[in-house]
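Visitor: Following this message is one structure expressed as C-alpha cells.
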Amino acid sequence: MAALSFFVGVIGNVISVLVFLSPIGTFWRIIKHGSTEDFESLPYICTLLNSSLWTYYGITKPGELLVATVNGFGILVEAVYVVLFLMYAPKNMRVKTGILVGILDVGFLAAAILVTRLALQGETRIDAIGFMCAGLNIIMYGSPLVAMKTVVTTKSVEYMPFFLSFFLFLNGGIWAFYALLVQDIFLGVPNGIGFLLGTAQLLLYAIYRNAKRSNNKISEGLLEQGKQEEPLVSPLH
C-alpha cells in the first residue's frame, strides 16, 4: 500500500507541475504586449497562498513529503507570475496587487504559521492547517463555476480552455485517489470536489465544442466576463 500511494503521489506531482506551468502562454503574451491587459492578479496571489499553506502542511504532517515538494515548486512558479504581474501591470493594478500580496501572501500566511506553531501542538496543529488548506482549495476549485455558466449561456467554450479543464480533472482525480490511499480527509474532500467539477467542465466542453457561438451583444458581454473571471491557474495540493 505504501509503494502504491508513493507511486500515485509521484504521478500527482507530475500532473500538478503541468498545471502550475499552464499559464506560461498567458504570461508570454503579457511580456510580448508589455501589459497585463484585462487579466486579474488575484488567482495567482491566491494560488501562491494555497501552495504556501500546503507546503507548510506537508512539512508538518509526517509522511506528506510529496505534498510539500510539489507545492514548494508551486511557490517558486507562482512567485515568478506575481513578480511579472507587478512588472507589467498598470500603476493602479500594481498597487492593488502589492496590497493583496502583503495581506494574503505575507500577513495571513505569517499569522497562520505563528498561531499554529505557538498555540497548537501535535494532531491539533495538523488539523488546523488542514482545515485552512482544504477550505481555500474548495473556494479555488469552485471559481470555474463562473466560466461554466458563461459556456452554457453563450454556447461557446472559447474562454474555458480544454487542457486547463483536463488537467483540473486529472489533478483532482489523482490526488483524491492518493488521499484515499493515505486516508487524508483534508486532501480528499477538496480534490474530490475538484474531480467532480473537472468532470463537469469536460462534459460541457464535449457538448458545446462544436456549437455555433451567438453573435448578439449580450453573448459577447458574457464571453468578456468569462475571459476576465476565468481563473488562470488551478488549485493544487
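The first residue you see is number 1, and the count goes up from there.
Using the three backbone atoms N, Cα and C, a Cβ is placed for every residue, glycine included.
The transmembrane segment feature in TrEMBL is assigned to 6-30, 65-87, 99-120, 126-147, 159-179, 185-208.
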Visitor: For the transmembrane segment (159-179), which partner among 6-30, 65-87, 99-120, 126-147 gives the most CB pairs under 8 Å?
Guide: 6-30
Visitor: Other than its close neighbours in sequence, what residues sit by the transmembrane segment (65-87), given a CB gap under 8 Å and a spacing of at least six beyond its ends?
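Guide: Hits for the transmembrane segment (65-87): 6, 9-10, 12-13, 16-17, 20-21, 23, 27, 30-31, 36, 39, 41, 44-45, 47-48, 50-52, 54-55, 57-59, 94, 97-98, 101, 105, 178, 187, 233, 236-237.
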